[in-house]
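Engineer: I'd like to ask some things about the structure below.
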Amino acid sequence: MDAFGDYVWPRATSELILLPVTGLECVGDRLLAGEGPDLLVYNLDLGGHLRMVKRVQNLLGHFLIHGFRVRPEPKGDLDSEAMIAVFGSKGLKVVKVSWGQSHLRELWRSGLWNMSDWIWDVRWIEGNVAVALGHNSVVLYDPVIGCMLQDVPCTDRCTLSSACLVGDTWKELTIVAGAVSNELLIWYPATALTDNKPVAPDRRVSGHVGVIFSMSYLESKGLLATASEDRSVRLWKVGDLRVPGGRVQNIGHCFGHSARVWQVKLLENYLISAGEDCVCLVWSHEGEILQAFRGHRGRGIRAIATHERQAWVVTGGDDSGIRLWHLAGRGYPGLGVSSLSFKSPSRPGALKAVTLAGSWRVLAVTDVGSLYLYDLEVKSWEQLLEDNRFRSYCLLEAAPGPEGFGLCALANGEGLVKVVPINTPTAAVEQKLFQGKVHSLSWALRGYEELLLLASGPGGVIACLEISAAPTGKAIFVKERCRYLLPPSKQRWHTCSAFLPPGDFLVCGDRRGSVMLFPVRPCLFKKPGAGSKAITAAEAPGAGSGSGGSESVPTGIGPVSTLHSLHGKQGVTSVTCHGGYLYSTGRDSSYFQLFVHGGHLQPVLRQKACRGMNWVAGLRMVPDGSMVILGFHANEFVVWSPRSHEKLHIVNCGGGHRSWAFSDTEAAMAFTYLKDGEVMLYRALGGCIRPNVILREGLHGREITCVKRVGTVTLGPEFEVPNLEHPDSLEPGSEGPGLIDIVITGSEDTTVCVLALPTTTGSAHALTSVCNHISSVRALAVWAVGTPGGPQDTRPGLTAQVVSAGGRAEIHCFSVMVTPDASTPSRLACHVMHLSSHRLDEYWDRQRNKHKMIKVDPETRYMSLAICELDNDRPGLGPGPLVAAACSDGAVRLFLLQDSGRILHLLAESFHHKRCVLKVHSFTHEAPNQRRRLILCSAATDGSLAFWDLTTAMDKGSTTLELPAHPGLPYQMGTPSMTVQAHSCGVNSLHTLPTPEGHHLVASGSEDGSLHVFTLAVKMPEPEEADGEAELVPQLCVLEEYSVPCAHAAHVTGVKILSPKLMVSASIDQRLTFWRLGQGEPTFMNSTVYHVPDVADMDCWPVSPEFGHRCALAGQGLEVYNWYD
């Protein structure tokens, strides 16, 4: 298939690549990063702007960049110009650049040198370049002339897994080669007697029991570090490697990684290693782990670089992320865990509870009823009071706020509550609230205006106490405001509380896992039909007289809104209000985002904490606008950042079942707990956050399986969409309106990510991610795309409903709203609300007669989704589209979405294909004076296509849907309207397009690399042709049919008909190919090689006449192409 000269249009060009970062190097205050064949340059001058300066596209052609080597300058000045050798795979190129603080200019570039072997290392030798190749040979190359000067092999021509070149001249050049035999071979290329004469190894070093992946030599100390497949790092004393015959001694064997170690770097005082476990470890030269950097996701950290002067470590991962970390001695160090030495003969009794009043005062109570204070500035214990009534059972809680407002509360097993001013404990005020045990205490603070203390007693009664201070500040007043009543449950007490801004409602969580909304002032809350009943204190179960005498206090106010068992049976651990939303955490390893609308609680999104954190204890908002999650992972207390996916603090405390407390301010964070009868304290200066910088956000930790464009947001010039390029280097006309494409991706890492892709910047911003799936996400579908304010609203923004599906027969529906926000780097804010979900095994478990049915395979996977929007006036089904799913168990299933996606119901299914269904696609047929018809096409692993008439099937009274064999099961779809045997094996891509003649073009791509294109005609019989009362069923037939057997060299995973005359296809052979249609068999026009391996999905869309079309390719990374009409 030769290209016709007249049809070179369109030509696709790459504008964005998100691939694993495989090369990093610090040059002065700049960072060079290799992503695929592209070179990224960052400015690391923290006094200026920390951002990308330049992206040099396609520098190494089709090779991936694995490293950079900068030519040493005689004066050591690399601040203005640098000569850089860029290498990777089998390619090498030398580039001379001139750079400043905010620009980079390419002065000269050599040709691409294609080697016949893999390049493991490159070193500058007196203006030339020495290259270590994959079969143990060294080549000397002149980059200016572009010719090879020397080619010296070793006598041992084994395959290498790594290499390191040492020396500044050809005479002293030394190569340390890591052979696949797990040995280090040290030899000297200059000792060859004649050209191309093999050189025998000078030394062989063994010790590792796996392949050696990386090595680093520190000349000043004569040390060599090696990283291996055996998950260890070894340190060798080698002396001066340039001198033959030296002794090699193993002086360190470091085990700390849980998987293979990819990279190692030796510094004067540290050893840095990174591996497949996504952890970067900092070691001392004695083999002690000093720091551990965790944050990357996926299959490992592929590249590391260091900046010794600034004490920085830079890591690049498989998730396309680049992070900068501070070595010990920089930033805000942790002070570690220390014992506060409570045990003393002068302090009798055993500790019962501990809490924090601010970050520098610790309160503790003993089993003899004594309350003690420890001041971190004074560093001594002080007894505040002793009360024998609190000796057998005592609860202790300090008021929230920076310094606890100087208040704490005690409660005992006889219904007594005492509020104690910490500075003046003699002014304590007590009230007897109940006749029985006080189960829990919690504080609720509204700014500096209102402070409430909630105490749970018998029978689910919560006493709400209002705390106020005298004008002199030396006395406090405690007044019972009201009483609330919890819903019935076995363990009927509240666990946490918070004010809901502006302060009309109080949010509480209970031990049963429910979240409830109570009115703060019940006397002012008048809601007709609410059903809340107010009773007096004398009527309340277990109620007794308080300090107010026999005054009747209204009590028993029930919640105005309840989310029952939101966190399961283990209980709610915290509730927090921030940014107009309510966040709740629980011991079900998750946290919920909620909001209140019309006095009712509504869940927005459920998020999972880090793996292993089953007890989520709370969350905190940090100054940069993000949040951190507090929780327990086995016997460790963990502070985890959802934004950076990093465990910021880890304290081995023994678990969350002991008494503990946490407090944080901008100056410091503190965590105290009881262990072995002592009060232990962990403090870290600088608050919860750690001083690391995310140069670029990671995308997904595993392969991207699906990509779908949602829509476009247009931002005006007032939002100033940031550009990666310097303004001087922008092309004319590219400074137009800020068009930003919103794209969603699904991945094997079980997450769905919402991306913003500006058309003018060549960048990508991860707006948010959804983590509701328990297995991989395989398919996405979008419907109901609109604007936040409706069709009449001209303000920028985007709303859409998204359906995601994948492994474990799980499907989720959620809504996405994107609005302008000038405070974010992307200038956009994204809000996601989870609407509904469905799992086949859960659906089966709910059936009454399930013992009579065959259970659905829980390992069923949804392979593809299609939205089928029927007519709104159809009877019987109500408003909402259908979602068609291709299933691995051989079924085509139809789900009905109702109530704007809040109800997801399995309606019908068919096992017509009897094998794995790979693709589904829906399209509509419209003809003059005829009813709009909705047709579904499904494709299976045998290469067959089936077409279903959904309009007829969904009509009321239609006989197309067969009744199920048992009540509660879905309907049966019957037989399809037409089948076509398009391929000899599985169909991985499918698309249709209506033609001007009223027909439909159907294109499919197969696993054998073939394409199949045919024209489908839909004909409706005349009413007089129908037999009696028979339904008018459309007749489908194929008019023209063409096949291209060898369109690609591998699976065709994406096909899109752009117009009746143009089609584009993508394959695992990494070629994006354009085909000419309309003149018989599809004709090859041109092809572009892309850099994403194992492409699984493709989506194309028109942007505008000025920006043409865009195409997103998803696989082991993401790449965006564009072409112009």
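Each Cβ is built from the backbone N, Cα and C atoms, and glycine gets one as well.
Sequence annotations record features per position, and here Swiss-Prot assigns N-acetylmethionine to Met1 based on similarity to another entry. Feature annotation from Swiss-Prot assigns repeat 'WD 1' to 53-97. The repeat 'WD 3' annotation in Swiss-Prot covers 147-189. According to Swiss-Prot, the repeat 'WD 8' annotation covers 381-422. The feature repeat 'WD 9' is assigned by Swiss-Prot to 425-470. The repeat 'WD 10' annotation in Swiss-Prot covers 476-520. Per Swiss-Prot, repeat 'WD 12' is recorded for 604-642. The repeat 'WD 13' feature in Swiss-Prot is assigned to 645-684. What Swiss-Prot lists as repeat 'WD 15' is 848-897. For 905-950, the entry in Swiss-Prot reads repeat 'WD 16'. Sequence annotations record features per position, and here Swiss-Prot assigns repeat 'WD 17' to 974-1016. Per Swiss-Prot, repeat 'WD 18' is recorded for 1040-1077. Annotated repeat 'WD 19' per Swiss-Prot: 1083-1125, in sequence order.
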Engineer: Quickly jot the same-chain residues contacting the repeat 'WD 8' (381-422) by Cβ under 8 Å, restricted to those at least six beyond its ends, or write none.
Structural biologist: 340, 342, 344, 347, 349, 352-361, 363-365, 367-375, 428-438, 440-443, 445, 451, 453, 455, 457, 463, 465, 467, 476, 478, 542, 544, 659, 661, 665
Engineer: Six or more residues beyond either end and a Cβ under 8 Å away: which residues meet both conditions relative to the repeat 'WD 1' (53-97)?
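Structural biologist: Non-local partners: 14, 19, 22-23, 25, 27-30, 32, 34-43, 103-119, 121-124, 127, 129, 131, 141, 143, 168, 724-726, 762, 1089, 1091.
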Engineer: So what's the average pLDDT for the repeat 'WD 1' (53-97)?
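Structural biologist: A mean pLDDT of 88 is what the predicted model shows over the repeat 'WD 1' (53-97).
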Engineer: Which residues of the same chain, at least 6 past either end of the repeat 'WD 3' (147-189), have a Cβ under 8 Å from a Cβ in it?
Structural biologist: 72, 118, 120-123, 125-126, 128, 130, 132-141, 195-206, 208-217, 219, 224, 226, 228, 241-242, 244, 248
Engineer: At a C-beta cut-off of under 8 Å, are there same-chain residues at least 6 beyond the repeat 'WD 18' (1040-1077) that contact it? List them, or none.
Structural biologist: 1, 4, 7, 10, 12, 982, 988-993, 995-996, 1001, 1003-1015, 1083-1100, 1109, 1111, 1113, 1121
Engineer: Residues of the same chain, at least six outside the repeat 'WD 17' (974-1016), with any C-beta under 8 angstroms of its C-beta?
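Structural biologist: Result: 910, 912, 916, 918-921, 923, 925-927, 935, 937-949, 953, 960-962, 1033-1057, 1059-1060, 1063, 1065, 1067, 1069, 1075, 1077, 1082, 1098.
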Engineer: How many of the residues that make up the repeat 'WD 12' (604-642) does DSSP mark as helix, as strand and as coil?
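Structural biologist: Secondary-structure breakdown of the repeat 'WD 12' (604-642): 0 helix, 25 strand, 14 coil.
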